[in-house]
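Submitted below is the structure of interest, expressed as structure tokens.
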Amino acid sequence: MASDSSSASEQLVLSADPKHPANLICELCRGFYRLGWVTGTGGGTSIRHHDHIYIAPSGVQKEMMVPTDMFVMDFHSKEYLRKPQALKPSACTPLFLAAFTKRGAGCCIHTHSQWAVLITLLVERESGPDACFEIEQMEMIKGIPKGPGKQGALSYFDRLRIPIIENTAQEEDLTEALEQAMDNYPDTYAVLVRRHGIYTWGDNVHKAKTQCECLDYLFQVAVEMKKLGLPWTNASLADGL
């Protein structure tokens, strides 16, 4: 019986299909490592596939992960169906679950992007600890959806707002603040964590990856704009727009 159970557990992560969640997470993390987003075992990715949630482990070099490193959880019971020996569940798990349960996401990505970290510090310095990141009239804004239940993406003239929460000593302790940011900014698909990084989610892997890339581009541009004394938003627009 134990052998049958072990075999069933392995079948959850073994597939020749490159689009299988266990394979996709490995591929995504290798790409994110090359971008400098998940170095030093930091960051992580999770995919919801039907009633299963696939989660990258904690403390593993993301560019060296293999499908058998994946944790698999039942979406409804939140019980692990697969727990690799000698590996620890990701501390990001409750935050991934927040994206899946509160926003109906199909994929959630957490990176330690330097640009994301710098943006949180610039916003704090310029506008205070309660401010969000805001930018407009940038082409890459068009890669971000308008909001859950809304058709289409933001336009060039729309103002993108990304909330920022304070970091904590333990990753899982961020969950309440992240959920509150989701409530306060119902259209957001990302939450920045001061001096830490960003959580980004989407309806599926393709959308989450696209949004993560677009946001990081915008963060980098914004940092460079600040060096040149260029504003992120049109000062002639009312604050409420």
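The backbone N, Cα and C atoms fix where each Cβ goes, and this holds for glycine too.
Annotated active site, proton donor/acceptor per TrEMBL: Glu139, in sequence order. Residues or ranges marked as substrate binding site in TrEMBL: Cys92. Annotated Zn(2+) binding site per TrEMBL: His110, His112, His196, in sequence order. As annotated by TrEMBL, domain 'Class II aldolase/adducin N-terminal' applies to 23-223.
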Validating a neighbour-count step here. Other CB atoms within 10 A of the CB of His110 (Zn(2+) binding site): how many?
30
Are there any residues in the same chain, six or more apart in sequence, whose C-beta is under 8 angstroms from the C-beta of Cys92 (substrate binding site), and if so which?
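Sequence-distant Cβ neighbours: Gly44, Ser46, Ile55, Ser58, His110, Glu171, Tyr199.
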To the nearest Å, how far is the Cα of Glu139 (active site, proton donor/acceptor) from the Cα of His196 (Zn(2+) binding site)?
26
Could you work out which of the recorded positions (His112, Glu139, His196) has its C-beta surrounded by the smallest number of other C-beta atoms within 10 A?
Glu139
When you average the Cβ positions of His110, His112, His196 for the Zn(2+) site, which other residues in that chain have a Cβ within 8 Å of that mean position?
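Filtered neighbour residues, in order: Gly42, Gly43, Thr111, Ser113, Ala116, Val193, Gly197, Ile198, Tyr199.
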Could you tell me the mean pLDDT over the domain 'Class II aldolase/adducin N-terminal' (23-223), as a whole number?
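Summing pLDDT over the domain 'Class II aldolase/adducin N-terminal' (23-223) and dividing by its length gives 97.
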